[in-house]
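Structure record follows, encoded as structure tokens.
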Amino acid sequence: MPDHLSSLGDFTGEEIASLIARAIELKEERSRGIRHQQLAGKSVALIFEKPSTRTRVSFESAMYGLGGQVLFLSGRDTQLSRSEPLKDMARVMSRYVDGIVVRTFGQEVVNELAQYATVPVINALTDLHHPCQILSDIMTVIEKKGAIQDLKIVWVGDGNNMANSWIQAAAKLGFELILACPEGYDPDAEILAAAQAEGAKPITLLRDPQTAVLGADVINVDVFASMGQESEQDERLKIFASYQVNAEMMAKAADDAIVLHCLPAHRGEEITEDVLEGPQCVAFDEAENKMHMHKAILERFLG
């Protein structure tokens, strides 16, 4: 397994499956009251240039739940805002902590930290990839539906960082993935082409969301305007209007289809209130699973 978690493209399908299986095991053990101390005496630095609720709390809870300690640094708490070279920060932080979890804008930040750090670097989100979230999502799908290789997974909306990580996961784990995105909002072309060449099942890009969701087992949606895109909000709401996950769309999916949303949700925009609060939506189980998945990731890379 790689020394860092930069993107899912760096892993084999077996390595991804092993991480998810371990997360499910850790969740089950916690439900039985088993407490873990695998990372006692170790510390991790959370460097978050982008603010977060779920990602921060789930990583902190995961580290504490394994007996470790957490140091949280916002963008204001580091010298990055004053243009400190990343290679300097990486080497200094490596002498203070046992791992670095980064939530930032450019993927190049994670890549350079990983190049110079002597401790594991974990990508908690960039504009290009969101690997930890997709691992948590897949864990949720497996819990609810069984083997993911037998399922039709559909991504509806912006071809953003989550879409890119879903594409890489589909290639590695061998499941069918359909992405429905408006023209001009496609996932990364290089990531898509590489995954289509590698994957055992089709990875397809469509424009029409109603066609994409026909018979879908899993529908995955995210906000139409991500953090940093606030100035595009009004335009995006118009462009993505037909990509809203609502009762009409759900009627075209399989009867037992589930809906994923990483949260926070903008009710009435990318998803309607009735779907988000309905029995087919598993967003809150998905949110819980971030903590268990992060435990498995921290245990693997820092243990």
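For all residues, glycine too, the Cβ spot is worked out from N, Cα and C.
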L-ornithine binding, same site as ASP222, SER226, MET227 - Swiss-Prot member from ASN161, ASN164, ASN246: ASN161
Long-range Cβ environment of LYS290 (carbamoyl phosphate binding site), under 8 Å and at least 6 residues apart: ARG54, THR55, SER58, CYS132, GLN133, SER136
Which of CYS132, MET227, CYS262, all binding-site residues, has a Cβ with the fewest other Cβ atoms inside 10 Å: MET227
By Cα-Cα distance, the member of binding-site residues ASN161, ASP222, SER226, MET227 nearest CYS262 (carbamoyl phosphate binding site): ASP222
For MET227 (L-ornithine binding site): DSSP state (helix, strand, coil): coil
Secondary structure of ASN161 (L-ornithine binding site) (DSSP, helix/strand/coil): helix
Cα distance (Å, whole number) from MET227 (L-ornithine binding site) to SER52 (carbamoyl phosphate binding site): 10
